[in-house]
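Asker: This is the feature table in Swiss-Prot:
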type	residues	note
ACT_SITE	Lys191	active site, proton acceptor
BINDING	Ser10, Trp11, His31, Arg32, Lys105, Ala140, Arg255, Val279, Glu281	NADPH binding site
BINDING	Lys105, Gly136, Ser138, Lys191, Asp244, Ser254, Arg255, Asn256	sn-glycerol 3-phosphate binding site
Amino acid sequence: MKITVLGAGSWGTTLAVLLAGKGASVRLWAHRPEFARELEASHENVRYLPGVTIPDSIRIEDDIVRAVQGASIIVTAVPSQALRETLALFRDVSLSDTIIVNVAKGIELDTGKRLSEVIPEVLPAVSPAQVAVLYGPSHAEEVSDKQPTTVVAASSCLETAEKVQEAFHTSMFRVYVNTDIIGVEIAGSVKNIIAIAAGISDGIGYGDNAKAAIITRGLAEMSRLAVSLGGEPMTVSGLSGIGDLVVTCLSRHSRNRYLGEQIGKGRSLEEVISHMNMVAEGVSTTKAVFSLSSRLGVDMPITSAVYEMLFENKPAEQAILDLMTREPKKELGY
């Protein structure tokens, strides 16, 4: 099977190595030609995944059209806000039988669309039934170290989800399937916002009670938005929801939690981003989801608080106080 991975960051590299280990013919596309040459020469992604060997069997590409031609599966592992422009680079390639698997988590900022909606919009030869996402609690560092990991392949077409499951499943990378792609995508995207909130709590110096409250009430926000868009409420109880939410809010590997922690310590958003070498998807997702939830009339107070802290310079402790002093409500219900 020929599989192309677009994006040579930590996650794209990890998945390329995993797929090559299963015997697939893998091409890994890097956006910058000089970076592609660096990967090819060193057989290691020193910038984003140091210590992991890229096997000789993986073909490094800097020409995206050449990279995707003839692929049975194309994995998009580029930042969410770069997806549309990346897809446009090969929109004229014949893809009638190709499955597109998106692994980036986010909502498109300008349109409020899920990334699985963007793909067939940009690639006219690709139907929604050919599109899948692969989400779940899966830090690249642990997957590349062959630590046990479980994820979910979601598509509106069960057959597509099952093909993705077959392509990626290993003894240490267990893949489940789900046809609720809406719920899976919303859960996987909103969790990055909640992780920023959890990090802010850490940065202020709050303890376990506050973190548990953020995770639990964040799950409620995730569910409300997913259901309002046609997703299933049970999906947020799965791997893309509570699974990814817990790991992202607690892990030292989480970029979004780290960014929030620095905000909680009083650093500006611009300062924190300038010192990060990888994208924290939660920043753009906060802006996109804040706009989307406002338009839909979905109550998402934690998301709103994170938006105010990131983009309106609201002091973190004041934002937390405002959350705590809102009108008392019932715990359950939408």
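Backbone N, Cα and C atoms are what each Cβ position is placed from, and that goes for glycine too.
Looking at the shown structure, what environment does each listed feature sit in?
Answerer: For Lys191 (active site, proton acceptor), the count of additional Cβ atoms within 10 Å of its Cβ stands at 34 [all protein chains shown].
For the recorded site, Glu281 (NADPH binding site), the DSSP three-state label reads coil.
Of all Cβ atoms in the protein chains displayed, 21 besides its own lie within 10 Å of the Cβ of Ser138 (sn-glycerol 3-phosphate binding site).
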Asker: How big is the gap, in Å, between the Cα of Arg255 (NADPH binding site) and that of Gly136 (sn-glycerol 3-phosphate binding site), rounded to a whole number?
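Answerer: Between the alpha carbons of Arg255 (NADPH binding site) and Gly136 (sn-glycerol 3-phosphate binding site) there are 15 Å.
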Asker: At a 10 Å cut-off from the C-beta of Lys105 (NADPH binding site), count the other C-beta atoms across all protein chains.
Answerer: 26
Asker: Could you tell me the C-alpha distance between Lys191 (active site, proton acceptor) and Asp244 (sn-glycerol 3-phosphate binding site) in angstrom, no decimals?
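Answerer: About 7 Å separate the Cα atoms of these two residues.
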Asker: Would you list, in sequence order, the binding-site residues among Gly136, Ser138, Asp244, Asn256 whose CA lies within 10 Å of the CA of Glu281 (NADPH binding site)?
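Answerer: So far as Cα distances go, the binding-site residues lying within 10 Å of Glu281 (NADPH binding site) are Asn256.
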Asker: Please tell me which one of the binding-site residues listed here (Ser10, His31, Lys105) sits closest to Asn256 (sn-glycerol 3-phosphate binding site), measuring Cα to Cα?
Answerer: Lys105
